[in-house]
Amino acid sequence: MKNKDYLEVLDSTVLADEWGTLTQYRINYRRKDGIWQEQVREAYDRGHGVTCLLHDPDTDCVLLTRQFRLPVWLGGREAFVIEAPAGMLDGAGAEERMRAELIEETGFDVSNLEHLYDIYMSPGSVTEYLSFFKGTYRQADRVSDGGGAEEEGEDIEVLHVPLNEALRMIRAGEICDAKTVILLQELALSRYAG
């Protein structure tokens, strides 16, 4: 079914346009039973992004970051979140942007990234999808201290965490970022898939 067969945008209003664009839409939506229903929805558009989990096969550690996340704090949790490196595409290709984010955030320059999949993380309200990557790293790949882009206000701590410890941290609620949970589970499952 084509979009025009079941969806018509009646009007839209931009509610906010700072870091991303929050727009309210009034739409006609054709339900499964064929009846058209008017709905009002909001969608947040901030572009698409990338994320990656790097694994050191010699030490069985994964490379993670810890940084301040206001929305998590507003939700009542610890404001410093452990997560996989990530960033916005900002017009670049996904792999190119991921490599740049890895250098910026972690200080590691790797060339062996493998694209896994593209996933919408919150399709009910956010237009962004993330391109997921995995790769390997070793200490010899370090080119800087990382820590993020100062001009973006980033203050990122780089963590080398044993994989088994990272999996335990998911179960304990210490890692609560969805993209990171997906990537860690992907790595753990890949060991059983052969």
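Just so you know, glycine gets a Cβ as well, placed from its N, Cα and C.
Pulled from TrEMBL, these are the features on record:
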DOMAIN    45-183  domain 'Nudix hydrolase'
BINDING   A86, E101, E105, E154  Mg(2+) binding site
MOTIF     87-108  motif 'Nudix box'
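Annotated features taken from TrEMBL, shown on the structure.
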residue: A86; record: Mg(2+) binding site; CB count, 10 Å: 22
residue: E101; record: Mg(2+) binding site; CB count, 10 Å: 22
residue: E105; record: Mg(2+) binding site; CB count, 10 Å: 25
residue: E154; record: Mg(2+) binding site; CB count, 10 Å: 16
Next on the checklist: Quick check: which same-chain residues outside A86, E101, E105, E154 lie with their CB within 8 A of the centre of the Mg(2+) site CB atoms?
Outcome noted: T65, P85, G87, L102, E104, T106, G148, A149, I156
Next on the checklist: Averaging the per-residue pLDDT over the motif 'Nudix box' (87-108), what integer do you get?
Outcome noted: 94
Item to check | For E154 (Mg(2+) binding site): DSSP state (helix, strand, coil) | outcome: coil
Next on the checklist: Six or more residues beyond either end and a Cβ under 8 Å away: which residues meet both conditions relative to the motif 'Nudix box' (87-108)?
Outcome noted: 46-52, 54, 63, 65, 115, 131, 133, 137, 141-149, 154, 156, 158
